[in-house]
Amino acid sequence: MSWRDGLTLDRNAGWQEVHVATASARPDGAGAWALWLTGRLLAGVRWLLMLVAGFVVLNPVVAAAALPAAWLYLADRPWWALAALLVTVAGFGAWFWLRADAFDARVTSPLRKWWRRRRYVRKWSNLMASSGLAVKTRRHQVLAPRLVWVRQGRYADVLRVRLPDGITAARFTERLPEITEALRAREARVLPARRWRLPAWLRARLPREFAPADTRPGTVFLRLAFGDPLVHVVTQPAPAEEIDLSAVTVGRRDDGQPWRVSLLGTHTLLAGATGSGKGSVLWSLIAALGPAIRSGLVHVVGLDPKGGMELGFGRELFRALVTMDGRDAEDQAVAFLEDLADEADRRASMLAGHARTLTPTVDMPFLLIVIDELASVTAFIADSKRRQRAEAALGRLLTKGRAPGMHVVGALQDPRKEVVKWRDLFPTRIALRLVEDSQVDMVLGDGARSRGARCEAIAETAPGVGYVVEDGSRAVTRVRAAYLTDDDIRQLARDYRPGPVLHAIDGGVA
Ligand SMILES: Nc1ncnc2c1ncn2[C@@H]1O[C@H](COP(=O)(O)OP(=O)(O)OP(=O)(O)O)[C@@H](O)[C@H]1O
């Protein structure tokens, strides 16, 4: 992001006053008219200069390309100017034809940003007033939320807005539909307004009562999304040989940037209706870990209640795969969880007093545990004794496994109360398309839907699209998982199948 993306639009202190033009403001008499007209003319010239200056700053390539034609025209050579213009247009056409991405980055994207910025400036006061977000002071001034700055990206802009007294962030959030329409955005979302973080050494020295709160009252960050980089299927890039478990790429975010998830110190809850693309999240995660799976630094184990239909394609990548078929399916699931919970205990006691988190080695690898249907090891177990054992083991695994390098990905097709009670033990939550709007907050946490996670509105034609809430953050991010075909998965298994098993999990799951 360049320095140009953070220009201040309005320097009023704290709010934006909406000027209400009254009929009595009209001039009376010739002198007054002349004065009024001169004022209007000067304002018009200022506006034009600002417009040109803004255009040149935000579109340097287009401005530079138009310079020869403009100079020839001013030098009274209109035909030469026309010829220069035609050459410039032809040059742009060739550039677009040969390098559409570079052309977009240098020409059309800056033009679009400039246009959007003009729209904000032009419409803001009116929009705030007509959406009921303006307040009247006792001196009869009309104050509206003030647009402080705009940070622009290819697909989304973030507007920092200061609220006048009397307007709350909640009230602003209620008006998002009007704001979205008026500013021609695809989607509007309010991001949590976080304070600047003081350096840790300074924070540690501040008395508690002076330590600033985490949120910033009176300020709202409005995120407006334009266009959609998630309409196309996302492909998974070849994984780097050196895997960073705190930033594993699994797809793309709706600002066009890679979607990375951290596997360290957290577990992931993945919910989505049937056909919503849960499989693509699981497989892109496994694919991104390929080299570490082959070298033995990461072990993947899985539980697939569909008899291996989902995870079976890449069976060779798993150190253990419990497929829950046959008459003892429930016993298999219970044994699987109890073995892993014991492993979590073993690792926790080995680390105690030595380290707070695990650095994976071949002797003590990072464990990725994929449970393809969480309900099948909790709510769906018919026998109550077995269910209690399974739930106790799952609880132990989730609470103890985070620090010693065990990450559980629990997929969920039908979020309901008896399953979602586990939600708080999964700090990272992903919700793909859901059937009902009430399920959104059940999965992602309270208030996630009002912060923009519209999982029930995701089209059936967009599998793999969803919303993420990350550990410790209230922000909701829209994403799409990369897609691997069945052949891709088979190839993945051939490329990254692990070497001989060195350390089986106690209890014989491996
Ligand atoms: N990220 C994606 N991009 C494009 N298409 C996808 C993506 N993920 C899945 N699909 C398509 O959607 C179909 C359904 O996906 P998938 O089987 O992963 O859904 P699911 O949520 O696991 O469903 P179920 O719970 O029924 O197993 C796939 O066959 C595939 O064609």
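For all residues, glycine too, the Cβ spot is worked out from N, Cα and C.
Please treat TrEMBL annotations as automatic predictions, because they have not gone through curation.
TrEMBL annotations:
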TRANSMEM  47-73  transmembrane segment
TRANSMEM  79-98  transmembrane segment
DOMAIN    256-441  domain 'FtsK'
BINDING   GLY272, ALA273, THR274, GLY275, SER276, GLY277, LYS278, GLY279  ATP binding site
Worksheet entry | Mean predicted confidence [pLDDT] for the domain 'FtsK' (256-441) | 87
Worksheet item: Across all chains shown, how many C-beta atoms besides its own are within 10 angstroms of the C-beta of GLY272 (ATP binding site)?
Response: 30
Discussion item. Quick check: with GLY272, ALA273, THR274, GLY275, SER276, GLY277, LYS278, GLY279 left out, which same-chain residues have Cβ atoms within 8 Å of the centroid of the ATP site Cβ atoms?
Written reply: GLN413, LEU432, ARG433, PRO463
Practice prompt. Would you mind listing, in sequence order, the residues at least six apart from GLY277 (ATP binding site) in the same chain with a Cβ closer than 8 Å to its Cβ?
Written response: LEU432, ARG433, PRO463, GLY464, VAL465, GLY466, ALA481, TYR483
Practice prompt. Pick the one among the binding-site residues THR274, SER276 whose Cβ has the fewest other Cβ atoms within 10 Å in this structure.
Written response: THR274
Response to the item:
binding-site residues considered: GLY275, GLY279; fewest surrounding Cβ atoms within 10 Å belongs to GLY275
